[in-house]
Amino acid sequence: MLTYICKRILSLIPVLTVVSVVIFSIIHLTPGNPARAILGPEASAEAVAALAEEMGLNRPIVVQYFSWLGSVLTGDLGYSPFLNRPVTEAIAGNLVPTLQLSTLALLVAVAIAVPLGTLAARYRGSIVDSLTQGVTLFGLAVPSFVLGLLLMLTFAVNLRVLPVAGYTNPFTDPLEGLRYLILPAISLGGVLAAFLTRTTRAAVMDVLMADYIDAARSRGVVEGRLLFRHTLRNAGLPILTVIGLTFGSLVTGSLVTETIFNIPGLGTLLVNSIERRDYPVIQGVVLLATLLYLLVNLVVDLLYAVVDPRIRYSEEK
Amino acid sequence: MTERIRIDDLHISIERRDDVVRAVDGVSLSLAGNEILALVGESGSGKTLTARSALKLLPRGATTRGAVLVEGQDVLSVPGDTLRKIRGGHAAMVFQEPSTALNPVYTIGWQLEEGLRAHGVASRAERHARGLQALKDVGIPEPERRYHDYPHQFSGGQKQRIVIAMALSLKPGVIIADEPTTALDVTVQAEILDLLRKCRDELGTAIILITHNMGVVADLADRVAVMYQGKVVETADVHSLFAQPQHPYTRRLLASVPRFGQAVRPQRTPAAGEPPVLRAEKLEITYPGRFRKPPFRAVRGVDFEVRKGEIFGLVGESGSGKSTIGRAIAGLTATSGGVLEFLGTDLRRASRAEVQRLRRKLGFVFQDPASSFNPFMSIADCIAEPMRIHRTPAAKREIDARVRELLDAVQLPSSFASRTPMELSGGQRQRVGVARALALKPEFVIADEPTSALDVSVQATILRLLGDLHEELGFAALFITHDLAVVEEFADRVGVLKQGEFMEIAPAETLLKEARDSYTRALINAVPIPDPVAQRAKRKRAV
């Protein structure tokens, strides 16, 4: 198992190399002089030249790439002239709210989707199923920012039970922190929940047709146990796959959600940095998002082996 | 004798989208302890539904009328909790496909104990002990070591033993065995049948045996109920059923069962001196290893040839490499060594264009007619496809004419041309499969288990059709099958494969009557004879 994990981690290297090239090119893909873009049209030619010199823009591009890569590998993502502090520091400050938001959104999605999808599959064709299908269709059709605004309007503006926007760290004040995070988490997790419910329904329906379900039933196993022990674990693989793949949409979704709910996360940082062309920060955030995505999918792959012994054993042989 | 199961005027209808199918139509049966009742009939006759009703394991949309009494309780009307106690406690089930009847993500020990837990065996130590004992009883070697293994780590036969162990673990009075040996090789089948017989003899278990294999019926059953279109048309003691079948359907069923040593075949003398249609010399086929799995040598240096106009039978158990050879000739699997010569050209060294040209001379009939057709194509398009690919004949009008001719040759009405494959029955679909294989007037036809997905009576008609067409068109053929009786009836020469090597190649008559090789003999011996007197005598001799 350990060698399998190591191999999987090593396999990330080529992916990250390609990604690093793409991210590095961001700065050179925009037309014009990046230093000029950063400083704006008012800046003097000398200031632009000085910044270009400082950023190493005058050196050959391959040299620039390797020097950038070298500093990235040593944990130095550069310096943001706008924030006046190192990029790593800026990201570290904004990472926690984003991680909290996406984790909570994922939990919301799983908590809604797995039971709902399972019930819909078990009672296929019933009212529960039709309602589920309708609601998930709605969830898939409504963009998360519309859902966010609707939630905000209902719970914060009209009912006044939750704050409109803002952020308090749940680690320092759990209750207050959750009150701030719950609406953004629902609006971000809602779309994912809709997608995941449909996947769960299809996967569970597939498994329910399997002989071993009838076989367990023929041994007198109670229905609830059939559904939750026999079926769900087998339906787990497709559900996990979808969770891993849609994690990317959580990251991009958080850009919008954080902006609407004014959460000082990576999304807000990225949007602001794009507006002012703060290239080092953009590069840092995108690199981190990619890394997170890859790591989540690595964890999903490892969970496959936990869920399905056939995968575990074929790897060990 | 006490009555273990009594079915009284059972009706089961299944509601579909727009109609209601009366799948079981007034069936009454009874079963005593120590008795094995075989339910026979073709697919769709209602035999599986009837048997499954004893556990109320019915498909969605099924409605029932009548009564199914298991140890005196009507399973169709008892409350859920009582039903749960009957399931596993009084009646248990053995499934057709052991690899899907076990949950892949739990150990077999866990699954064995689960049934015990469901029936109130609270002590963990007791569950473990009884689980182990159950594995021992069905003959799983080293049960302690294997207790925590997962289903995929066992062979097919072992899995079926485990399924039987689960069924037996609570000592139920009745076991419903739904085609328990259909997915297994003949030698394994014999072992599983012995195990079921042991259950009856030693534990007094009553068994409902659902099967389409009359050899299995002759071997195991005490009584037989023949089902046809949802009704029991005849119930009789096994000996009298085989000796004096009463109902016309039973007579037809028994007549279509292929029997050993009774094949009446026209003697075909292959043209001597002419070059063979197909020649394999030291042919090697290796499946490359993946993910550090070692490569698998499926075919290990086989030599054989198929002469002009000859039917060469290829028999062997699963994994013997018989299908691999057929697929390699058709170019569906890559070869890795030796010579594979088709019409004088070595396919391994021929150019792409040459192979493509040679493919015209080759037809392929697949095993499962349900999955070898594109469901969105009409029957006419399915048959015409090879002609369109090879542009022979080129004109559309000629192709249409040829399609009609082929439909006629396989005895299907030309009105079928516009239907889609799913609108046809299994047997009709396989006729289309034959028509498609013959579309280009091939010199060589590969038939890979062409009848094993079909009912016996349908199997007989398809074999007759293939035989007639062979007579008429004179193609050479490679006939791949696991069924020795079929190969005797159909092939001129037979090659017996085991783990990628030929054990023996001989003319069909001599091979099956006086096999030299011990594996061939074991294989022949394992096939149950569809005659209770002969089969029971054979078994006695073996003991």
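Count begins at 1; order follows the chain as displayed.
Backbone N, Cα and C atoms are what each Cβ position is placed from, and that goes for glycine too.
Residues or ranges marked as domain 'ABC transmembrane type-1' by TrEMBL: A:95-304.
Look at TrEMBL and you will find A:9-29 (among others) tagged as transmembrane segment.
The transmembrane segment feature in TrEMBL is assigned to A:104-123 (among others).
Per TrEMBL, transmembrane segment is recorded for A:135-157 (among others).
Annotated transmembrane segment per TrEMBL: A:177-196 (among others), in sequence order. Distant neighbours of the transmembrane segment (A:177-196): 100-102, 104-110, 112-114, 117, 135-140, 142-145, 147-148, 151-152, 155-156, 162-163, 166-171, 239, 242-243, 246, 249-250, 253-254, 257-258, 260-261, 263; these residues of the same chain sit at least 6 beyond its ends, with a Cβ under 8 Å from one of its Cβ atoms.
TrEMBL lists A:235-261 (among others) with the feature transmembrane segment. With a threshold of 8 Å between CB atoms, the same-chain residues lying at least 6 positions outside the transmembrane segment (A:235-261) that come near it are 97-98, 101-102, 105-106, 110, 114, 118, 144-145, 148-149, 152, 165-167, 180, 183-184, 187-188, 191-192, 195-196, 199-200, 202-204, 206-207, 267-268, 270-271, 289, 292-293, 296-297, 299-301, 303-304, 307-308.
Per TrEMBL, transmembrane segment is recorded for A:281-307 (among others).
Within the chain, the transmembrane segment (A:9-29) has long-range Cβ neighbours (under 8 A, six or more residues past its boundaries) at 61, 64-65, 68-69, 72, 279, 282-283, 286-287, 290-291, 294, 298. Proximity of distant same-chain residues to the transmembrane segment (A:281-307), defined by a Cβ-Cβ separation under 8 Å and at least 6 residues beyond the stretch ends, is recorded for 1, 4-5, 8-9, 12, 15-16, 19-20, 23-24, 26-27, 72, 77-78, 80, 82-83, 87-88, 90-91, 95, 233, 236-237, 240-241, 243-245, 247-248, 251, 266, 269-270, 273-274, 315.
Same-chain residues lying 6 or more positions outside the transmembrane segment (A:104-123) and placing a CB less than 8 Å from one of its CB atoms are 129, 132-133, 181-182, 184-186, 188-190, 192-205, 208, 227-228, 231-232, 235, 239, 243, 247, 250, 253-254.
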